[in-house]
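Data first, discussion second: the structure below is written as structure tokens.
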Amino acid sequence: MAVEQTISIIKPDAVAKNVIGQIYSRFENAGLKIVAAKMVHLSQERAEGFYAVHKERPFFGDLVAFMTSGPVMVQVLEGENAVTKNRELMGATNPKNADAGTIRADFADSIDENAVHGSDSAENAAIEIAYFFGTDGLCPRTR
Ligand code: UDP
């Protein structure tokens, strides 16, 4: 299995619930390592740029308003199968459909405020990592 990197974002609802540490524990318990992290309060422009792929969707305005409503915690997770593993830990987009024990089942209130983002492919992960951390913002684990 290939070692991959993926972007995870703990969204403003989960930051407000003060569960960053509980979510980090799930990454660590699944064997994913945090190789970059920062808390940021996204501007409208940065949130719109991040979600540009959704700009024609009816929920785009509300999504940008939500993502700029408070700080988010952005991290790069590294490990075998990191993209899929993170998506499994997150659970379905709508927390009502998320499997028990997933992050969204435990911490999300609705499809609009669903606690976490995770890259959906290795290709998008590379784009999203560059969006937040540039080309030299990671700290590979050498020990
Ligand atoms: N979203 C929303 N309403 C919808 C569908 C999506 O607010 O009806 C938001 C939600 O925050 C979701 C994000 O848009 O996480 C991106 O949607 P996507 O389908 O890519 O889901 P994800 O990859 O986050 O599970």
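Note: Cβ is positioned from N, Cα and C throughout, glycine not excepted.
Whatever TrEMBL says is automated annotation, not expert-curated.
According to TrEMBL, the feature active site, pros-phosphohistidine intermediate maps to His117. There are 19 other Cβ atoms within 10 Å of the Cβ belonging to His117 (active site, pros-phosphohistidine intermediate).
If you look up TrEMBL, you'll see Lys11, Phe59, Arg87, Thr93, Arg104, Asn114 marked as ATP binding site. For Thr93 (ATP binding site), the same-chain residues that are 6 or more apart in sequence and have a Cβ closer than 8 Å to its Cβ are Arg104, Ile111, Asn114.
With DSSP states grouped into helix (H, G, I), strand (E, B) and coil, the domain 'Nucleoside diphosphate kinase-like' (3-140) comes out at 62 helix, 28 strand, 48 coil. Per TrEMBL, the feature domain 'Nucleoside diphosphate kinase-like' maps to 3-140.
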Cβ under 6 Å from ligand 1: qualifying binding-site residues of Lys11, Arg87, Arg104, Asn114: Asn114
Cα separation, His117 (active site, pros-phosphohistidine intermediate) to Lys11 (ATP binding site) (Å, whole number): 7
